Amino acid sequence: MLNKSPLILRMALLLLQVFSTDAKMDIITSKQDFKVGEEILLLCKAGGEGDITWLKGGDEVDDEEIVQKVDETSSKLVIKKASLEDAGRYTCKCDYDNGHQDDTQVTLYVYEGPSFGSTTTYHEFLEGTDGNVPCLVTGKPAVDVQWFRDKQEIPSSGHSHLRKMPDNTLHIGKVRREDAGMYVCHAQIRGRPISNQLHVSIVVNAPPTVHLREEVQKVIAGPETNVTLLCLVDGLPKPSINWSLPVTFDLSRHHFNSDRSQLILNSVVRADFGEYICTAINKIAEDSATFTLHVFEAPEVFVSADQHHVSVGESVSVSCNVSGYPEPELHWLNKQKGQTLDMTSGRVRVVEGVLEIDDMMPSDGGLYSCMAVSSSGNASRDVAIYSKFVCHLFWRIKKKSLWHFKHF
């Protein structure tokens, strides 16, 4: 009894409509479009007493399970489970008791679908390749398909790189990054307001690329020298960044920014030189670029002493050491005479960075400079060499000689 309640309710509503209408022939139904498997209920009001018959097309419907008399002025047609074959024109005809005849008609549509079956709703394409997105629609009697993006219909002809193909596939020529997003496949039963739609997500991937603002940088080591290595990466999905660092690199003195696209080197030292390789990685591929850092050291000069006092006739040697990168050239200069000392033999000579003077003469005194020269710069240290005179005084006392030396 409970299962019949919806049918009884619908009959009551239809009868209510019958008795609220004018006394004329009419077929009352809740709708004209029925899905396969749904129940069809038609109620015919004759407007007077008579013999009511139902026809589909031109053929009479006389199945008592389908056609049932309600009263002397109305009849109903019930199809429990609609099939595609039930679509068509239905006629209700009444032969009135007074001999008059009248009829009325209604057209019913039975549809199946539209449905999308196993159509894939997620697609990934590589940037620059052609992409095809199928829309596998089934439905009867016939289905029209349209593709939409941002509520705009995608054309089936023309020169757009987005195009609907004859088989309802969405074709994307040379996929661009801006093609990523949500698309809608809209399917409609031809000629009827029955439709369904499927949302399809498209993701665009791109292999990583790495760009360095500078590939080579040359700096002078020092506490005020800071270097930022910038690695610009691109790709979809967003790549992760890894760095390969020189073996002498001390990470405790340097740091990365949050996404590791920048490596900041503070107070650069000579040990920071070498190749820094930035690698960008995503699920598509990886790419890398090499940054070469050349670290130079400014020359420094170290001498054994800043001053030397040498007696005339004696010898003196002054050692000088230089450091820096690249290794500086060492030169001695007699600043008093404006002469470069480059002789490796003789009384005044330079041997392996050591200034040597034999048999000191008064004219040898003066200011000397040890110089370090390299492509990183120049440096020097001055050395003062003073010559001392010696006077010999002789006294003869009782045939004995006394030598007395006095220094000036």
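Just so it is clear, glycine is given a Cβ too, placed from its N, Cα and C backbone atoms.
If you check TrEMBL, you get these features:
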{"type": "SIGNAL", "residues": "1-23", "note": "signal peptide"}
{"type": "DOMAIN", "residues": "6-107", "note": "domain 'Ig-like'"}
{"type": "DOMAIN", "residues": "114-201", "note": "domain 'Ig-like'"}
{"type": "DOMAIN", "residues": "208-292", "note": "domain 'Ig-like'"}
{"type": "DOMAIN", "residues": "299-386", "note": "domain 'Ig-like'"}
Helix, strand and coil counts within the domain 'Ig-like' (6-107) (DSSP): 17 helix, 49 strand, 36 coil
The domain 'Ig-like' (114-201), counted residue by residue under DSSP: helix, strand, coil: 3 helix, 44 strand, 41 coil
DSSP helix/strand/coil residue counts for the domain 'Ig-like' (208-292): 6 helix, 47 strand, 32 coil
DSSP-derived helix, strand and coil totals, residue by residue, for the domain 'Ig-like' (299-386): 3 helix, 56 strand, 29 coil
Reported mean pLDDT - the domain 'Ig-like' (299-386): 94
